[in-house]
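Database features (TrEMBL):
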BINDING   Ala32, Gly33, Ala34, Gly35, Ser36, Gly37, Lys38, Thr39  ATP binding site
DOMAIN    11-274  domain 'UvrD-like helicase ATP-binding'
DOMAIN    274-529  domain 'UvrD-like helicase C-terminal'
Amino acid sequence: MSRFEDEASDVSLSLLQQKAIDSDSGAIVVLAGAGSGKTEVVARRVQRLLTTRDGVGRVLALSYTNKAAEELGERLRLRAGAESERVTTETIHGFAHSLLRQHSTRIGLPIEPEILTRDEDRVELLNQWLSSQGLGIAEDPLERLRKIDINRARAIDTAEVEDWRRALASLPALDYPALLDAALEILALKSVRRQLVRTYTHVVVDEAQNLTPAQYCLLTAMVGSPGEGPSVMLVGDDKQSIISFAGADPDLINRFARSYDAEIIELTENFRSAAIISSLARLIAGELGQDQSPAEPHAAPGSIEFISGADESDEARKISDWVEGLLQLGLPKDAVADGESVKMRAEDIAILGRSASALREIAKALEERDIAFSTSSDAEDWLEGLAGKVVLELIAFNAAARHVSPQWQLARLIDQDPETLKSREQIAATIRSHDNSLVAALAELVDETDMRRFIESLGALVRDSDASTSELASWNADVEEIEKAWRDYNANVDRDSRSWTDFRLFCSRRQRGSATQGVQLLTVHKSQGREFRAVAVVGMNEGQIPDFRAKSDGERASELRTFYVAVTRARRVLLLTRALRRTTRYGQRVTTPSPYLSFAERVTGMGKS
Ligand SMILES: Nc1ncnc2c1ncn2[C@@H]1O[C@H](COP(=O)(O)OP(=O)(O)OP(=O)(O)O)[C@@H](O)[C@H]1O
């Protein structure tokens, strides 16, 4: 049974929630703090639209992360049953991508245009482009691309942005921000917009505080002028606006409310978090300038605890003890409501860090104790070994032999000139002579164009290899991962729809770390929109939370909002942890506790230790 199934029946909606669900306004904005049931309103409203009104076409429900979109889809399936087939749940980029997949040729792009998702590929293109223009190579290409990205997110055209657009067009390829440009161009085609407006009669956007101006342009292009297109509901919380560094502008919600003369509904209660955690959230909200009237106390008292470790591995050890305790003994009885179960599954626990690196020691500690966990891994982390990564690029090559990215990535992996990897024959010859015998063995696969045979032959490929034990172990683990992905893919996708491109896309979702088994190790940013019965926030030191790079008042406020997001993921138990000493590149350093601990102190009366 899913978590949402557990809860579907026992939620009695507040009057304000009901108002938002029942509203027939063409434009609605729901503004509210964390855990106030915004996503619940989205789910219920969509359910109402699908099941009780005539003439409703499809509903487009947009969310910020893939995970949040998946969870919304799950809530809808549960609530609207078969009717939920008429809902498309997507991220904005996912929606833009689907438009592109249908209409790319109409804006002069090839079918299945290449999308450069890796920074390394974008750097390669930038340098190739600059040298083709006689401009040498960029001094700090990544920094230059970041500036270009943020300007595009803010819909600001600069000479560098224009130049980068030309570079992409020279391949031709897109990157994520260019995907939005392309979708906007597609939406300018009257026939496409007409078709979309006929298809989608309602659009809802969850986590709208994360909209960037570029995304907002796309959204308004799709829904048209006020009163013209589908009904639109935006749902958001400016206290959870933590990605302004990437161009998000929470004020766009207000702009929408003004331009579309939206009905504004504010929800006030925190349904998610137990009393003490809600008090902490209210205190932080107050500091962020949003005084909130005291809400009804939550039926569960909840708990906030604090632990410190001598150093980061000791901090990680203590967190593992806490996890083990929760799994074996359940939640403390005095933290839950009367009659509420204390039983815990690993998936009910999240460990949140300001950055992915803050979670590394924890991953090691959990691994040592054999406690299952998932991380929001970086794209390249899915497979462990070199040979496994080469297999993934061979799959990408089969998906689109004319794309440059598999060729460039393969070249980086096996340290060869990309020019020697242009055709199947070249690839086979180059990898056959590679020093690593596992990689060399893959030469046999290069000509295999049948997907099933390709995957099924992986297991038998390496018999007598001189590879080291650890290389072999990585290879076996990678083959298992790929085979598992293949099985899941087959279970999810009809035979007729299967293709290399589609399977590659399926794999890349795994690469982005969408695994959900076990304790969830997440950056705070990835945890947005999610909730867990117990949450540990690690690295509560000055310099970690808040991040040492945040200097200006605006940046410090954004760090406090990050802390707000982190603590409000917790439903019953919140643990705040820190290490008294940390290893930095200057050696071991004594740490200073995060100033944010004082909020927790005020609600619990505890010391900082
Ligand atoms: N009226 C209600 N009564 C009881 N529980 C509710 C009610 N509305 C929502 N909930 C529950 O409260 C929790 C928080 O709701 P939801 O996830 O919709 O909040 P949210 O406002 O979207 O939060 P966030 O902005 O932090 O993502 C969920 O577990 C949901 O099932």
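Heads up, residue numbers simply count up from 1 along the chain you see.
Just so it is clear, glycine is given a Cβ too, placed from its N, Cα and C backbone atoms.
Since the structure is predicted, the reported quantities are computational estimates derived from the model, not experimental observations.
In this view, Ala32 (ATP binding site) is surrounded by 23 other Cβ atoms within 10 Å of its Cβ, with every protein chain counted.
Other residues of the chain with a Cβ within 8 Å of the Cβ centroid of Ala32, Gly33, Ala34, Gly35, Ser36, Gly37, Lys38, Thr39, the ATP site, are Glu40, Asp237, Leu267, Asn270, Phe271, Arg272. Across the binding-site residues listed here (Gly33, Gly35, Gly37), the residue whose Cβ sits among the most other Cβ atoms within 10 Å is Gly33. Close to Ser36 (ATP binding site) in the fold, though at least 6 residues off in sequence, lie Asp237, Leu267, Thr268, Glu269, Asn270, Phe271, each with a CB less than 8 Å from its CB. Cβ neighbours within 10 Å of Lys38 (ATP binding site), excluding its own Cβ and spanning all shown chains: 24. Around Thr39 (ATP binding site), the same-chain residues six or more apart in sequence whose CB sits under 8 Å from its CB are Ala68, Glu71, Leu72, Arg75, Asp206, Val235, Gly529, listed in sequence order. Within the model, the domain 'UvrD-like helicase C-terminal' (274-529) shows a mean pLDDT value of 89, rounded to a whole number.
The number of other CB atoms found within 10 A of the CB of Ala34 (ATP binding site), across every protein chain shown, is 24.
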